[in-house]
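Structure, as structure tokens:
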Number of protein chains: 2
Amino acid sequence: MPVFLNTADADFETAFAALLGAKREDSPDVDNVVAGIIADVRARGDAALVDLTQKFDRLVLTPETLRFSEEEIEALVAAVPAHERAALELAAERIRAYHARQMPEDAQWTDESGATLGWRWTPVSAAGLYVPGGLASYPSSVLMNAIPAKVAGVERLAMVVPTPDGVANPLVLLAARIAGVSEIYRIGGAQAVAALAYGTETIAPVDKITGPGNAFVAAAKRRVFGKVGIDMIAGPSEILVIADGDNDPDWIALDLLSQAEHDESAQSILITDSPAMAKAVVASVEKYLETLERRAIAGPSWRDYGAVIVVEDMDRAVALSNRVAPEHLELCVADPDALAEKITHAGAIFLGAWTPEAIGDYVGGPNHVLPTARSARFSSGLSVMDFVKRTTLAKMTPAALRSIGPAAETLAISESLEAHGLSVRARLSRLNE
Amino acid sequence: MPVFLNTADADFETAFAALLGAKREDSPDVDNVVAGIIADVRARGDAALVDLTQKFDRLVLTPETLRFSEEEIEALVAAVPAHERAALELAAERIRAYHARQMPEDAQWTDESGATLGWRWTPVSAAGLYVPGGLASYPSSVLMNAIPAKVAGVERLAMVVPTPDGVANPLVLLAARIAGVSEIYRIGGAQAVAALAYGTETIAPVDKITGPGNAFVAAAKRRVFGKVGIDMIAGPSEILVIADGDNDPDWIALDLLSQAEHDESAQSILITDSPAMAKAVVASVEKYLETLERRAIAGPSWRDYGAVIVVEDMDRAVALSNRVAPEHLELCVADPDALAEKITHAGAIFLGAWTPEAIGDYVGGPNHVLPTARSARFSSGLSVMDFVKRTTLAKMTPAALRSIGPAAETLAISESLEAHGLSVRARLSRLNE
């Protein structure tokens with residue numbers, strides 16, 4: 001059974017703190033194995049990739065067949081039904097339109113000292129996209145990772161996706177093609193991350209690696225961080241729904257189950273000011289759990305990590321939600337915009353009962369790669385900003401240096417950095433000659 | 001002697017690649033020690049901080065004296081000479097003005113489907129600032145870390161700074177006061193990072209930790225990453241100067257030495273199209289190294305990691321610089337703006353010979369916390385963006401859901417996520433009732 005809490009209960013604070021602090025993920029310690037795999041790829045390049053792919057994916061490759069050929073991709077994507085292709089294209093178009101608005105602007109200005117200051121944004125040159133194989137191989141994630149990179153202006157986008165026993169997912173390949181991925185390699189695991197970070201004879205190294213993966217992939221990303229940039233390390237998915245009494249309990253139940261069906265460690269939380277709604281949603285969840293295709297996943301998630309919290313009013317709901325800092329937050333209330341104004345920490349907000357979280361997973365436009373495990377307190381979802389970087393600009397005139405240079409010299413001397421001070425003084429002296 | 005390269009030489013590419021690949025930092029493996037310290041602070045809180053501060057800083061504290069009192073700060077900063085205070089205030093004002101322009105804007109719009117989309121930026125609630133003790137305790141770094149946080153709207157800013165043998169740096173405390181730091185604790189090392197991340201009886205936990213530190217601090221930041229946000233792990237400082245033949249060699253030499261004097265592992269590189277300038281700068285560096293206060297640091301840095309590269313033209317200089325992706329880049333050429341346009345990877349650009357890098361360390365306005373070790377290929381310097389996070393917004397109308405919902409349902413089914421599909425279908429069905 002999920003946890004039932006009521007803010008009116010004497011032990012509420014203790015129980016809520018326990019819910020917040022509960023660890024949902026069991027990360028196996030694979031760090032030593034991963035270190036070995038990375039070292040192997042760095043030492044032997046393609047040969048290591050071939051061996052490791054045979055070992056882990058039961059697939060015999062050669063350096064020449066590590067990469068999907070254009071003909072193979074063509075043949076595979078031709079099998080995708082038209083309505084699925086159309087849905088992917090609609091999603092891609094909407095994601096592209098949303099992310100295009102995120103492009104940051106360059107700036108340059110001259111201040112009262114005569115100094116010209118500013119910054120310029122430039123794209124990362126090459127990005128690598130990790131796509132899991134098997135059950136968690138989602139074409140929507142290909143779009144969500146690749147499109148922001150393309151919008152940012154990344155020239156080269158290399159994708160890796162394991163194909164256990166040689167089985168490829170045509171929709172994943174089609175998504176890659178629609179999104180503008182330049183190269184696709186049929187490798188996965190820590191070895192694929194190592195290949196992207198360090199390069200091999202066949203695969204040129206990239207500057208940034210994004211995309212979700214299992215414990216091996218996560219550990220490999222942590223290890224190559226610094227050599228290349230990485231996105232966040234994603235934890236299990238979460239949703240928090242704030243709902244008033246005027247809702248269809250089935251809608252709310254299905255939204256909660258949308259997270260629960262991802263992963264046994266996923267977490268779904270309902271906060272409501274209506275005890276009757278709480279009861280009705282729980283009953284509806286139980287009803288759907290009888291028949292849901294993924295009930296073997298969604299059931300344990302709901303029973304082990306689900307929570308239903310009854311609050312005295314919506315301000316309390318907001319306060320609790322801000323402490324959770326949920327990845328996904330649905331506001332199924334009469335005036336969702338007003339409530340959203342009070343939210344200080346959340347990855348994505350879905351406003352009103354007509355906006356199921358699943359819309360955001362596919363076709364809404366915003367990114368579905370979002371901060372988990374309370375990290376919305378300090379981080380944001382994936383965006384164009386993850387694929388650009390800022391170079392700051394400063395230009396002094398002699399007059400500007402005369403105006404602000406002496407202060408720099410004073411601070412340099414106070415920090416015992418003589419050469420810093422002298423580099424300013426040498427120029428100031430010229431002005432006094 | 002520094003490395004001398006000439007693009008005309010047959011082995012240039014090999015030598016340049018070796019220069020790029022050279023490892024300058026010897027990170028001692030302190031990870032196990034740090035893990036123990038963090039566990040101790042988590043288990044024993046203030047008591048662990050008191051014990052560890054006595055052990056490492058030879059300073060006896062109590063939970064009550066972990067934090068500097070207002071009176072202590074007042075007494076210490078009163079001793080700062082007026083010209084130093086004025087210089088700090090000028091620097092703070094300029095840094096604040098520059099960073100105020102970085103505040104990102106919220107956005108909201110309604111698209112042709114009727115969906116309202118957008119995002120909102122909110123500040124991190126609490127940030128922690130690590131300031132090293134001893135030689136590398138720079139008041140300028142306090143400003144560079146604290147001001148962007150305050151500009152972003154961070155409410156609570158807690159600073160930690162070790163005071164070995166009880167000796168505090170008045171300028172560091174004054175910088176903290178000018179920048180708006182709310183709390184200052186006299187603790188350092190991995191124990192201070194653990195206290196900021198997990199909290200103790202006396203110190204409330206923060207959401208994000210920034211600021212430089214030694215190997216213990218760096219290892220601790222890596223370990224607490226995920227629980228809190230962290231800034232980059234800074235490596236030794238670097239400068240690359242592109243200079244034509246029309247320069248004062250002393251100016252260039254002093255700029256190169258400004259980096260070299262930071263750290264024996266710092267790197268200073270000159271690229272010039274003038275062999276005469278190369279020779280003159282090298283001679284000037286040697287001249288200053290005879291008397292420079294920090295010659296025992298700057299000398300080894302220059303001799304072990306310095307490099308002078310003669311190129312056939314400035315386009316080649318740009319191409320090489322982009323491969324280095326330097327932290328600091330000075331363009332001491334006739335038309336620095338034109339050359340800057342071609343730079344694709346650099347942390348900060350200093351335009352023209354009247355802009356010594358030291359200006360950027362103190363009073364220019366841009367941040368001096370910049371990506372090192374070639375990470376300007378994929379990351380940016382510290383900014384207001386490090387202290388805010390984005391929440392995406394999506395709101396469907398029934399009409400918008402009718403327009404784009406079916407594509408979401410199709411993709412959910414294709415990914416075998418039944419509840420996702422049902423959550424959309426349940427709403428679409430209502431529209432058809």
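The backbone N, Cα and C atoms fix where each Cβ goes, glycine too.
Copied over from TrEMBL, here are the features:
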- B:Y130, B:Q191, B:N214: NAD(+) binding site (BINDING)
- B:S237, B:Q259, B:H262, B:H328, B:D361, B:E415, B:H420: substrate binding site (BINDING)
- B:Q259, B:H262, B:D361, B:H420: Zn(2+) binding site (BINDING)
- B:E327: active site, proton acceptor (ACT_SITE)
- B:H328: active site, proton acceptor (ACT_SITE)
Residue from B:Q191, B:N214, B:S237, B:D361, B:H420 whose C-alpha is spatially nearest that of B:E327 (active site, proton acceptor), among the binding-site residues: B:S237
Environment of B:Y130, B:Q191, B:N214, the listed NAD(+) site - residues of the same chain whose CB lies within 8 A of the CB centroid: B:P132, B:V160, B:P162, B:G188, B:G189, B:A190, B:A192, B:V193, B:G213, B:F216, B:V217, B:A220
Pairwise CA distance, B:H262 (substrate binding site) versus B:N214 (NAD(+) binding site), rounded so that it is a whole Å: 14
Residue with minimal Cβ packing [other Cβ atoms within 10 Å] among the recorded positions B:E327, B:D361, B:E415: B:E415
Cβ-based proximity (under 8 Å) of the binding-site residues B:Y130, B:N214, B:S237, B:D361, B:E415, B:H420 to chain A, or none: B:D361, B:E415, B:H420
Residues near B:Q259 (substrate binding site) in space but at least six apart in sequence (CB under 8 A): B:S237, B:E238, B:I239, B:A266, B:Q267, B:S268, B:S301, B:H328, B:E357
Local backbone state of B:Q259 (substrate binding site), from DSSP in three classes: helix
Distance, B:Y130 (NAD(+) binding site) to B:E415 (substrate binding site) (CA atoms, angstrom): 45
Assigned conformation of B:H328 (substrate binding site) - DSSP reduced to three states: strand
For B:H420 (substrate binding site): intrachain residues, at least 6 apart, with Cβ closer than 8 Å: B:A408, B:A412
C-beta crowding around B:Q191 (NAD(+) binding site), within 10 angstroms: 28
Cα-Cα distance linking B:D361 (substrate binding site) and B:Q191 (NAD(+) binding site), given in Å to the nearest integer: 28
Protein Cβ atoms within 10 Å of B:Y130 (NAD(+) binding site), excluding its own: 26
Maximum Cα-Cα separation in Å among residues B:Y130, B:Q191, B:N214, which the record lists as binding NAD(+): 13
Secondary structure of B:Q191 (NAD(+) binding site) (DSSP, helix/strand/coil): helix
B:N214, B:S237 as binding-site residues, winner by CB count within 10 A: B:S237
Integer Cα-Cα distance in angstrom, B:D361 (substrate binding site) to B:Y130 (NAD(+) binding site): 18
DSSP three-state assignment for B:H420 (substrate binding site): helix
